[in-house]
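So that you can see what the record holds, here are the features copied from Swiss-Prot:
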| type | residues | note |
| --- | --- | --- |
| SITE | 48 | site 'Part of a proton relay during catalysis' |
| BINDING | 49, 208 | pyruvate binding site |
| SITE | 111 | site 'Part of a proton relay during catalysis' |
| ACT_SITE | 137 | active site, proton donor/acceptor |
| ACT_SITE | 166 | active site, schiff-base intermediate with substrate |
């Protein structure tokens, strides 16, 4: 299977906080090294999983700089830098590029529900403002509107640095159409861990993963198995970790993931409002899966 420039196993990295709610630089560097040691190809700070809606612009730049410093020469860094104001999104993209990001992940404008022409002009403005590659992030469940396949293809054909799309629509018909019609340069990345196998089986280029925060080597192995057309291995990994993939969304992302990472001793379990800790019932379900997979000891969930 062909490997495009932005392909493979990418992690949507969490942002660790201290108890005073400031960014925990030591823990962030630890997380980046955990990813590098386990073969992650692309590290994505300041996305949805990184709690970007509750980070200030200054904090986003701080996080991106730390990640770029720690990952330099070892993994690509595609920084989350999107918002629903085109002017602001351009400012964020420029700041991310200046901070050292090798690519930009830009979420579709949310809440204001632009037309398809509005989506096009939004991304055109961003792409023309920076020189690094752009990953379009289509996530209708969060934004309230869907970027059509025609629009994504138009953007990729017209703009030299639009090189990938993170497809988190969950719509396999739409993803299939995109894979069948895309220009050669465009990488199509699954935005949902449970869909890594089917999307890559259809010709997709990898995953921007939530679960890679917890099990980076597992996600990497699944992606590599699909690149190698080793469906037997891929199915085994997919089936073994499918429950974890889905339990990561038992409550708002990234709460289950940060809960897990705290149990693993990698971060403190701290969120910024309006995100709150898991309910007792959700903890019990997630704990059982974490113990079964050997990610934590049973004593750690007592």
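Easy rule for this one: first residue shown is 1, then count along the chain.
Heads up, the Cβ atoms here are built off N, Cα and C, so glycines get one too.
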Integer Cα-Cα distance in angstrom, residue 208 (pyruvate binding site) to the residue listed as 'active site, schiff-base intermediate with substrate': 7
Spatial neighbours of the residue listed as 'active site, schiff-base intermediate with substrate', counting only the recorded positions 48, 49, 111, 137 and Cα distances within 10 Å: 137
Integer Å distance between the CA atoms belonging to residue 48 (site 'Part of a proton relay during catalysis') and the residue listed as 'active site, proton donor/acceptor': 11
Rounded distance in angstrom between the Cα atoms of residue 48 (site 'Part of a proton relay during catalysis') and residue 111 (site 'Part of a proton relay during catalysis'): 15
Close in space, distant in sequence - residue 49 (pyruvate binding site), Cβ under 8 Å, 6 or more apart: 12, 13, 14, 210, 213, 253, 254, 257
Fewest-neighbour residue among recorded positions, criterion Cβ within 10 Å, set 111, 137: 111
